[in-house]
Each structure stands twice: as structure tokens, then as C-alpha cells.
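Peer 1: Annotation source TrEMBL lists transmembrane segment at A:6-29, A:36-55, A:61-83, A:95-114, A:134-159, A:188-208, A:228-249.
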Amino acid sequence: MIWIDTLAQGLLLGGLYALFAAGLSLVFGIMRLVNLAHGDLIILGAYLILTIAHATGLHPFVAVLLAAPLMFGLGWALQTFLLNRVLGNDILPPLLVTFGLSVVIQNGLLSAFTADSQKLTAGAIEAQSMDLGIVTLGVMPVLTFASAVAVVFALNQLFYRTALGRAFRATSDDAVTAQLMGIHPQRVFAMATGIAMVVATIAALYLGTRANFDPSIGPARLLYAFEAVIIGGLGSLWGTLAGGVVIGLAQAIGASVNPEWQILSGHLAFVLVLLIRPRGLFPRAND
Amino acid sequence: MPILSLQDVSKSFGALKVTDGVSFDLEAGQALGIIGPNGAGKSTLFNLITGNIAPSAGRVFLDGRDVTRAPPMERVRAGVGRSFQIPQPFGNLSVYENLLVAARFGGAVSGAEAPGFCMDILTRTGLAAVAEKPSGALSLLQRKRLELARAMATRPRVILLDEIAGGLTDAECSQLVITIKAIHAEGTAIIWIEHVLHALTSVVERLMVLNFGRMLMIGAPDEVMASAEVREIYLGIEA
């Protein structure tokens, strides 16, 4: 019975990792940009929700509705005024610039909020659970996983059912030819980063309500996100969800054996998947 | 006023001059053929017209408006459609989706009108049966047809065709020519780079010969093909 509980907790934790990773996967899939500041942008999102909640007295679940458009604007501006300038055939400039951005965000948050740990308080819901007979699940972890599934589903609908999604896929295929179809690749990239930041804000909500956060924890979230994206297969959104679940399950199983093994088990699962399937679980045919 | 006008357009890559002082006007609804040996700068000329590369000197006008520095997406919306010598469909999109992208973004067709508009073009270009297929899975003829269909979906007033008949059988080529003639008959101007001369001369009213980036001659196809210099350079027939 305890194993079922462990597997359920791992599955639900995977939802959080998938939320960390979905924005990264989206941006990589469309413009082959590896955003090393993604983890820090999630933490920035968490501080933004915290600030809005403190200033207005709103519940974090409501504050996130105000934070999301602001983060969309930030992502759009970041892509338009900074990242579009360094995108090109050479992959090094975007890596260096986003690494620099990561340092700037961490230090900016440190100056503004100090190194003290913070937490988003969601109230009674944090302690609520659902008894399913064979297993008892926390409401928040279930909500986190459901949100991850909803986000991946929504992004897939956007990709395959809308004009913007077709522009995303066309630009991802061949940005030069896309221009000859009237598509402005740099605007498409700005929309994609904006949407990725909305997803990062949703991830920030569940990160901040689940555990304490401080300005320095972004890079570790980036690592989990990376692992989830790579396990899933680069650019595949459902694969990213599966990747998050693999890490979540590995961590939960590792922790049940020995609490000190939790983080290590996730990384070992990542290495194992790479050894068996180097292109990930669901690689895209054209990559 | 000409729909497209090039004035003394040149392009150099380092010391190599690939386009050298090319000037011509294209009136609305006209069809112009371009021939020349490999490496004569024909595709470069198309890149200069679509805005994929900027000229080193000279100017490009669309409807009298100077677009020399305008990016490709602006020129598409101004009415320049293009097909590639080597078909470049969006492989992750279906045939129908390839057209939808071109129609919505290049042709500014509304979301409500786009499906009917695209299906009509797919029917005219003989691709309706493979509309839902991934474009990466098409045969060469189908990919060539998709190049043409996608360029048509941007609602061009001048369409640039880059060796679209190359690699096709005679029967396939004849089918394609019928479609191109139909597009031309509707009033769309055409500039067509082609080595398959009988196909080209059955459509165009004027022929231009490029050699080492320079415009050697422009005129009626019969006149151009009768020129001793053209026969020597292009066809290797000594006068």
C-alpha cells in the first residue's frame, strides 16, 4: 500500500516539474533557444504573485491572474528587445545572454526581497486531502498535476488548432521560408516567449504554495526542467509532461528508500533514460 | 506604372559580383521568362526581389513604392509570391496547413474565408486528395505543385517561379504549364526562371537572358532565341 502512495505522490510531483519544463520546451521547440534564465524567471513570477498578494490582499490563486499578463509582457519585451538580437546560427550568444540574465534576476531579487525564504499562503486548501480508499492525495498536488495536464493540453490546442500555432510550427520548420509566407519570425518568437512566461507564472504559483522559495533556487528548477524536456524528447509537449512524471516518480521512489536519495534518484533516472533512449521518449520526427 | 521595377540592381559577395546592374520593368499581368547558364545569378535575382538579400546597389520598386530595404514579409503582403527551385514545404505541417499559413499571414485572408480559399487552390493545383498528408511525405511533382499552391495562397500580383518544371516528366510538366497558364490568364504577373524552354516559351511574352549576373538581352522569346550570342552562351551552339 505504501508503494501505491509513493507512486501517486511521485506522479503528482511530476506535474510540478512538467510545469517548470513546459515553457522551456515551448521556447526550445519554436526557436531552438535554450533559456538558462528560465528557472529564475519562475522564481521572479513567484515574487510577483507574492507582491501582488501582499499589496492587494488577494488570494495567490487570484493574484496569479494579475501576474500572468505582466509576465507575458515581460517575456514579450525580453524576446523583442534582447533575445531576438542574439538569435542566429551560433548557439553561444543566446546561452551567454540568458546566463547573464539569470545572474541579473537573482541579484535583482536579492536586492529587492533579501535572501529570506518566502512562501505563498493558499490557506486551508494546503492541508486538504482526498481519501480515495487505497490512497490519500493532497488537494494541492492534485491541482498541480491537473494544471500541468491542462497547460500541456492547451498548448497543444494552440499549436495544432490555431493560426498562431501554425505560424509557430512553420517558423520552427524554416524561419526563412516562413517570412516568404508573410510571417514575422521575431514577432512569433516574442509571442512564444510571452506564452512561456504565462506558463512559468502558473509553475510559480504551485512552487510558491508547495514550499519556501528564495532568490537563489532558480537554477535547480532549471535543471529539473531541462531533465524533463530532454527525457520527453526535445520540443514534444506531452513528452515534457511524461519527462516531469519520470523525474517525480524517481524522486518519490528514491525518497521512500532513503530521504537523502530523493534528488539524486531524479538525476539518475535522467541519465538512465538518456542511456536507453538518447533522443528522449517522444522525439519529433524532423529533429 | 509597372507592378515591379528593378533599377540598376547589383549584388556582390566579397569580390564576386553575382548581379550586375540589372534593370527591367514588369507590367501588371505580364509574364517574363529568365534563362541563363547555371551560376548566372538567376535565383539571386529572385532573392533580391523577395527581400531575402539586400542589393549592394540599385533600387527595387513595387507599384512605384521603393521597397529596397523592406523585409520579405512586407513584400509578400505587397503582392510578391515565390516558389523555390528545391521545394521547401513546412514538413511538420500538412499540405492544407501549409496553404493556411500562406493565406492567413501572406494573403491576409480572414480566418472564416481561409478554408474555402485554400481548398479551392488545392483543387486547382491537383492537391485536394493529399490535403491532409504531411507535406514531407509528398512526391516531387506534388511538392512542386505545393510550392506553386502555397505561393498562390499568398494572393500574389506577381509570382516568381524558380525552375518549377525541373525534374518533372514531359506529362507532369504539361500539367503544370496548364495550371500556370490559368494563373496567368487571371491577370497574375509571372517571372519564371526555367531551363525547360518549351514550357517557358509557351507561357511568357518576354524572355531575359542572364550571364555572369548581367542582363544580356531582353525581348520577345523568338527574337532572343534567334540571337547568335544567346545561342552560343546558353545553348553552346556556335554562330
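Any Cβ shown, glycine's included, is placed from N, Cα and C.
Just so you know, TrEMBL annotations are computer predictions that nobody has curated.
Mind running through what each feature is packed against?
Peer 2: Listed as Cβ neighbours of the transmembrane segment (A:36-55) (distance under 8 Å, sequence separation of 6 or more from its ends, same chain) are residues 20, 23-24, 27, 63-64, 66-67, 70-71, 74-75, 95, 98-99, 101-102, 105-106, 109, 112-113, 118, 120, 196-197, 200-201, 203-205, 207-208, 213, 215, 217-223, 225.
Sequence-distant contacts of the transmembrane segment (A:61-83) (same chain, six or more residues past either end, CB-CB distance under 8 Å): 33, 35, 41, 44-45, 48-49, 52-53, 94, 97-98, 101, 122, 186, 189-198, 200-202, 204-205.
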Peer 1: Could you give the residue numbers and ranges of same-chain residues that sit at least 6 residues beyond the transmembrane segment (A:6-29) on either side and whose C-beta is under 8 angstroms from one of its C-beta atoms?
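Peer 2: Residues 35, 38-39, 42, 135, 137-138, 141-142, 144-149, 151-152, 155, 172, 192-193, 195-197, 199-200, 202-203, 206-207, 210, 221-222, 224-229, 232, 234-237, 239-241, 243-253, 256, 284 contact the transmembrane segment (A:6-29) from elsewhere in the chain.
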